[in-house]
Structure formats: C-alpha cells, structure tokens
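Student: Pasting a structure here, questions to come.
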Amino acid sequence: MIYPDETMLYAPVEWHDCSEGYTDIRYEKSTDGIAKITINRPQVRNAFRPLTVKEMIQALADARYDDNVGVIILTGEGDKAFCAGGDQKVRGDYGGYQDDSGVHHLNVLDFQRQIRTCPKPVVAMVAGYSIGGGHVLHMMCDLTIAAENAIFGQTGPKVGSFDGGWGASYMARIVGQKKAREIWFLCRQYDAQQALDMGLVNTVVPLADLEKETVRWCREMLQNSPMALRCLKAALNADCDGQAGLQELAGNATMLFYMTEEGQEGRNAFNQKRQPDFSKFKRNP
C-alpha cells in the first residue's frame, strides 16, 4: 500500500463488518489492509471469558491467513476499558475459567502465543483500563497506542492469580526487573504518561484521536516490506523466547531460502531424479 501524501495516512478508514457468528467480539477489516478485533463486553470492562478468547483466536487466525491483511489492531469496545483481564465471575475451582458446559479453560495463554507468533504486526489500541490479563495482552502486542485516559496495571496477587509466563518475564524485559516486581507485588495502577515513561506503550494521544493515530501507524507499516517486518518480529521475539523463538526465526529463513534459485535447484533436481548442480551459486564471504 502506497500513500503518496502523508495526509492520506489520516484519511478516514472504511471498515467492513466480518462479525457474523461472533457474540463476544467485533471483527472488521478495512479496504487498505487492516484487520480490527474488538472485545465487545463493555458491561464487564471487556473482561474475557473462554468464549471471548476462542473468538479472538478464530479472528486472529483469519487475519493471519488473509493475504489482503497486513496489520491487526486489538482493542476493546468503548472508551472505559481495553480489557480488564479474565472475568472473575466465571473463574472456577479447577484451574481455569468455566465455559457454558462447565469445562475449565486457560485458553488466553494460547491467544498470547498466537499474537507472539503471528507474522503480521499486532497493535494494541488502548483506551481506559488495561488491567490484569488485559494488561498482559497489550504487552504481547508488538506496539501499543494509548489514549490519555488509559490506565495500566496488574491485579493478580489481589485476586489470587498471576501470570508467571510472558506476563512476568516479558514485562521484566520491557520495564526492568525492579519495576516489574513493583507492578506485580504492589498491584498499583499507572496512567498513560507513566506507562510511556517506563516503555510499556509507544505513544499517548488524546482519546478523540486514538483510532486515527492507530490507523496512521498501521498504514505506515503497510508501506514497508512485509517479509522484512515478519523477519524482524521473529528476530526480536527470538531474543526472549528461547528455542521456540529460534524456531520461528529459522522458519522464516527457510521460507526465504525456498524463494531462491539455489534452493529451487535442490528441489528440481530431486523431482527430476538428477544430481543437483550448485556450482553456479556464489560462496559469498
């Protein structure tokens, strides 16, 4: 996507509703390559239940495999909350949150991994409260655009919960060990400027400009090489994610190699039942 005039980055976005079949989220796509997933439970500050997470997983998978989508926005309905974390009213006694059939889930962990491994940038658009599991979700996104009314923090130790995975380790990478311990141990809340100062968000904008500025950031990324963005995301993740991160980065390297004449020579030779001839390819220093 090319925007010859910078003012076009702020042009009104045309959203197409793709929400059929969903009850807890709204799912939309723009005409210029942006998908938007909105947690639609404002009556509970967009807290998620197992169904909410299941629908977000489905929508993000659709956005990943849609060739017309280059970047994804994750947000919450209304201006009062991005997401307040897991809905404590459906938290059960057997290790998770109950669905309508009584089965317990922690499927938000699957959604965290999905955001992390999605080869397309995922941008959190945060207004109001981003608390608990919702705070972890915004951290998992590649970028966070916050409204001036955004509030950030963890509540786990106050409600008998914690996220010892990315919610702790990745937070420490972002804000440092001491600050991460403060955020988790004290369960304080932080305003948007404080979050910006500690590196939890990328920018803070007036609430009225939140979507406009988020779309601008998305459109800027859409002008860049999708393969470069994909590999950069994998490389940045690999710094934190151990062998799983290396596997993701290596998979992208394999994909690039498959696109080369050298890689295709090996495949063609196998299919043609002949010895491959790699002598024509340079051995660069």
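Just so you know, glycine gets a Cβ as well, placed from its N, Cα and C.
Positions annotated as substrate binding site by Swiss-Prot: ARG45, 84-88, TYR97, 129-133, THR155, SER161, TYR258, LYS273. As annotated by Swiss-Prot, site 'Important for catalysis' applies to TYR97, TYR258, with the evidence given as similarity to another entry. The hydrogencarbonate binding site annotation in Swiss-Prot covers GLN154, THR155, GLY156 and is backed by experimental evidence.
Help me picture these features in the structure, burial and contacts included.
Tutor: Secondary structure at GLY132 (substrate binding site), as computed by DSSP, is coil.
On its own chain, THR155 (substrate binding site) has GLY85, ILE131, GLY132, SER161, CYS187 as residues at least 6 apart in sequence with a Cβ closer than 8 Å to its own Cβ. Look at THR155 (substrate binding site): DSSP puts it in coil.
Within the same chain, residues at least 6 positions away in sequence whose Cβ sits under 8 Å from that of TYR258 (substrate binding site) are GLN264.
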Student: Quick one: Cα separation, GLN154 (hydrogencarbonate binding site) versus SER130 (substrate binding site), in Å?
Tutor: 9
Student: Can you give me the Cα-Cα distance between ARG45 (substrate binding site) and GLY156 (hydrogencarbonate binding site) in Å, rounded to a whole number?
Tutor: 16
Student: Determine the Cβ neighbour count for ARG45 (substrate binding site): the number of other Cβ atoms within 10 Å of its Cβ.
Tutor: 21
